[in-house]
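J.: Can you keep this structure in mind? I'll have questions shortly.
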């Protein structure tokens, strides 16, 4: 074989077990130039002739050698490409062989690891119990596909498995849920048994990242006696638990959801000092007000310990806890000016964290009343991103009212309300709590129609606190706010009067905005009356809704009825609604006067001038026979006037 085509063959085993020839190409020598030895210099002629003859022979040999080399290297490019293909096939075969071996090795190692894991689990205590219990629990957690009787049977079987071993099992991450399910679906006797087995370990249970959920379940589904057992073990450890990462949530849930006032005070009293942590008997009602009256000498110690607990809880990130809010409220209720200032400095940038609870909102309101102008600005700035949510909260909206009622810088508060409320005014006016902020701006918090007696007393209690920090007259302050918010509400009414009057709560904002907003309101009044246009006999007419007829009657009277004064208290601006409404009523006079709109017609008659009234009465008398057929009280009142 020629040099360029010399090959060696070996055999390669395929994945399927068959043999495949692998071709190995030998290395080729470098191509050399034709051989031509150096000529020697000869002085004789014979030497030259000999050399000439030799050179001719050499040329012939060289030419023949070149021809043979050309023949040998013919097709060398083709064999090189074949070699490349064969080498790539060889590498692919090797890679496939390696990957298949790696896969088989990984499967084997995975199986070995799984086997070892099972063996290790089997060696653990209660391994069989845990396995059986989890199998039963898996059936129980399928809420839709299991019947009550079947659940009861499985619970009984599960309870027999874990009984006497609850304390050991409940601290395990997988078995904690199993025991929780037994407490949730078990009988009273089964719950009492589990509770009794855990006696003496409830503090550790609350500190466990898995066990804490069982403690909460016992609070939720247990009897009052079971709750007393857990609380009894908590007594003396409350301060430590409230600062513990896991136990703090159990104490908070117990305090907020599952305890009465006396039990709450029994938990809180541990914040007053170590001497209150010693006594396990908490049957007596311990309250800080009574303590400070009976033992005034203990005030410095109690206030210092309360402050340490508050400061430590905030440092731990527990400022959102209801229990901490109660401690803060008790602290600020009995704090002197320096102590109150310390609490203000600690919490003024975290005000949004505690406005959502009853106690926390009262703390925030008192802090706003005690703060100076600079601190109020910081507090409002921290509250601004959450202003909408706070306004809609059952307690938070009172904080916003208190902040507006204390802050003299009405330019700042007006811009704040305009920026945050303007795009949400329609929704806010229909919200149960947020609308009260708008109504405060329009009529003040003294109005009993919108603010309960408790809330009015709470806001009134701030007057003495803000006397030193707020200089403006409350009426002046509110009128300045009204000048900013009033036009926004009137603009909204002009665009969406129908939507507002149709909504019971929003209609209150609409009426008071039309009565008391200090701006041009004619367009808004026309838009409101237009919503009542049409035949009152239609079922969807607004007059059939009680709040709509009441709102329209108030606008016709140009003010609200005062029970104390026994008369309508007129607004300063006369809207002249009665004169405008006649145009709408005349189209369907009998329907208005003999149906749900009868009292509105009576109010129109009372509001008109004498000349307008006489003219309207003439028109009504023409339909007296039709009106006599009506049984509506308003129609009978109207007939008396006729």
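Note that Cβ sites are derived from N, Cα and C of the backbone, with glycine treated the same way.
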J.: Quick check on the record annotations: which of 79, 337, 611 is tagged phosphoserine by Swiss-Prot?
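T.: Annotated as phosphoserine in Swiss-Prot: 79.
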J.: Which of the listed residues, 88, 145, 452, 470, has Swiss-Prot annotated as phosphoserine?
T.: 88
J.: With Swiss-Prot open, pick whichever of 36, 208 is annotated phosphoserine.
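T.: Cross-referencing 36, 208 with Swiss-Prot, phosphoserine lands on 36.
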J.: Tally of helix, strand and coil residues over the repeat 'Pumilio 2' (197-232) according to DSSP?
T.: 26 helix, 0 strand, 10 coil
J.: Give the residue counts of the repeat 'Pumilio 4' (345-381) per reduced DSSP state, in the order helix, strand, coil.
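T.: DSSP classes over the repeat 'Pumilio 4' (345-381) add up to 28 helix, 0 strand, 9 coil.
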J.: Over the repeat 'Pumilio 2' (197-232), what is the model's average pLDDT?
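T.: The predicted confidence over the repeat 'Pumilio 2' (197-232), as a mean pLDDT, is 94.
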